[in-house]
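These come from TrEMBL:
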{"type": "TRANSMEM", "residues": "12-31", "note": "transmembrane segment"}
{"type": "TRANSMEM", "residues": "73-96", "note": "transmembrane segment"}
{"type": "TRANSMEM", "residues": "108-124", "note": "transmembrane segment"}
{"type": "TRANSMEM", "residues": "130-152", "note": "transmembrane segment"}
{"type": "TRANSMEM", "residues": "164-195", "note": "transmembrane segment"}
{"type": "TRANSMEM", "residues": "207-227", "note": "transmembrane segment"}
{"type": "TRANSMEM", "residues": "277-300", "note": "transmembrane segment"}
{"type": "TRANSMEM", "residues": "320-339", "note": "transmembrane segment"}
{"type": "TRANSMEM", "residues": "351-368", "note": "transmembrane segment"}
{"type": "TRANSMEM", "residues": "374-395", "note": "transmembrane segment"}
Amino acid sequence: MRGRLFHKERPWLVFVLIFALVLLRFCYYGFTYYPQLDDYIQLHNQSAYYSAKAVILDMGLLSSRPLASVMDYFFWSHFWSFLMAAVALISAMYAASACLFRRVWGEYFGTGYLFLVVYALLPLGMEGTYWISASNRVVPSLFFMALAMYLFQKWCRTGKIFWLPLYFITQLISFCFYEQGLVLSVTGVLLVGIIEFFRGNRSRSLFSLLTFVNAGIYFAFTGYFSTSTGQLGSRLKLTLPWQEGWDNVFFSAAGQTGESFLIGGYKTLFRGFRRGIMCIVENFNILWVLVLIALCAVLFLFARRFTTERPTGEAALPRAWALLVGFLMALAPVTLFFVLSNPSVALRNTVFSFCGIALFLDAVWSMLLTKCSVRGVVTGAVCAACAVVFSVAAVSELHDYRATTQADQRAARAITSAVVGDEGTIAILNLEPNYLSEQNFLYHEHIHGATESTWALAGLLSCAADDPYFPAATPVPVGGRYAGSLTEFGALLWYDARTGTVQSVMAVPTEAGTYEIQTADGTILAVAQEENGAGSLLPAGS
């Protein structure tokens, strides 16, 4: 049996292995998902409280990422009672995209298992592959993009006409989940077309230009709906290089790109691994550890036995081509931010570059081991070691997601139990943005509490109270600022994170623009100072 199993590489077994490794990262604390920020709104509140027309059309959600918004309402929301099933489905799509990308590039460069490990398990990608409000956009886009590239390659190789419409449709679908998916899909198909052109499939390769027809269809559709007053109508507002202010766009995008990829990549890997070890020691899960060891042992055997040889003869391409293609596939998704008027390069955006990064590193590794007599063993060992390190680092990220969810929901229970409902707008004093003592990388929306902003807190409280009309609440942390005056709120509540309780407080004026935050028995908890239409909440005695 073992001989038959390892006689030749079986794509379905590779998929199962990568899927298991991807999903395992999210299961250290059990088969449970920990909702964050937008999850409460997109996966529960919208479908529970509002009609599809009110959410999708009136809010203008078809003006950008149209399929993502439609899927939130009609598909992903049905997983609310068991969101880990959604995570498993998304993980399966991500593993499938890894295998499809490898299949495409393997035809030209002999792409190996290091590609799969880097693409699928790099801890920098946790935000884009775990947090459902991001992953249910990023991953479907990558999956349909990889499938479109594979189908187009099949068309170029076989000339069978049915591959062509399948490619056309799947690529158009990939555009409809994320803007970066459009840029990367266009780049990937054109690169396959160029390679096939130089390999002799010239007439068929020219159909790669259909990608621009798909782009036209996408922009025509979203452009039609962007004329509304929807919240996403300005997502793709551009500032081009010859326009005023582009220098500011360029430096902002360049700085964020460097910070997200370099600093974020370093911290989520190295600090993440250190903290991951600590999390495992603190809360040891022997089953998870044993499963990881078993999966990495299988990965070692697969990588050792099926180390892919570089194509030879007519199929051979210069080694530099793999480096160039990898570089372009990594660069393409990022270029979009250099023309967006308000660029914001989040960690989830880095995932679109993983295909290129993984291809580049796999090609470099292959070059280094060209004359190595034990290439398979070394590659297998490196792949297994990387999988262990990446998976352990992911545990620390999952730990922070879990702790943030627990803190959010603890605060929500206290607030919803204390609010009667007729207070009007309320201010929640001493409510911190998050309660993590340490985090791998504090950046943009990466693992932030729903307690950090008015909109996120509104989503959390409406979900917790099961009431779309729950009073609007503004979080005001100690040391934080707020707009207006505390006297404008219908009620002031003080949250104590140590006890998980809320109590009513009063803003007692002491002098012009200064208030003491007092309990009913006169205990002073903090001081508020206000001027010019804004205020600051300071510790008592300041």
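Keep in mind that glycine also has a Cβ here, set from the backbone N, Cα and C atoms.
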Thinking of Cβ pairs under 8 Å, which stretch from 73-96, 108-124, 164-195, 277-300 has the most of them with the transmembrane segment (351-368)?
108-124
Would you kindly list the residues that approach the transmembrane segment (320-339) from elsewhere in its chain, counting only those six or more residues past its ends and only Cβ-Cβ distances under 8 Å?
105, 108-109, 111, 179-180, 183-184, 186-188, 191, 195, 238-241, 246, 249-250, 253-254, 256-257, 345, 349, 352-353, 355-364, 366
Among 73-96, 164-195, 374-395, point out the range having the most Cβ pairs under 8 angstroms from the transmembrane segment (277-300).
374-395
Same-chain residue ranges lying at least 6 outside the transmembrane segment (164-195) that approach it to Cβ under 8 Å:
64-68, 104, 108, 137-138, 140-145, 147-149, 151-153, 155-156, 205-215, 217-218, 235-236, 317, 321, 325, 328-329, 332-333, 335-336, 349, 352, 355
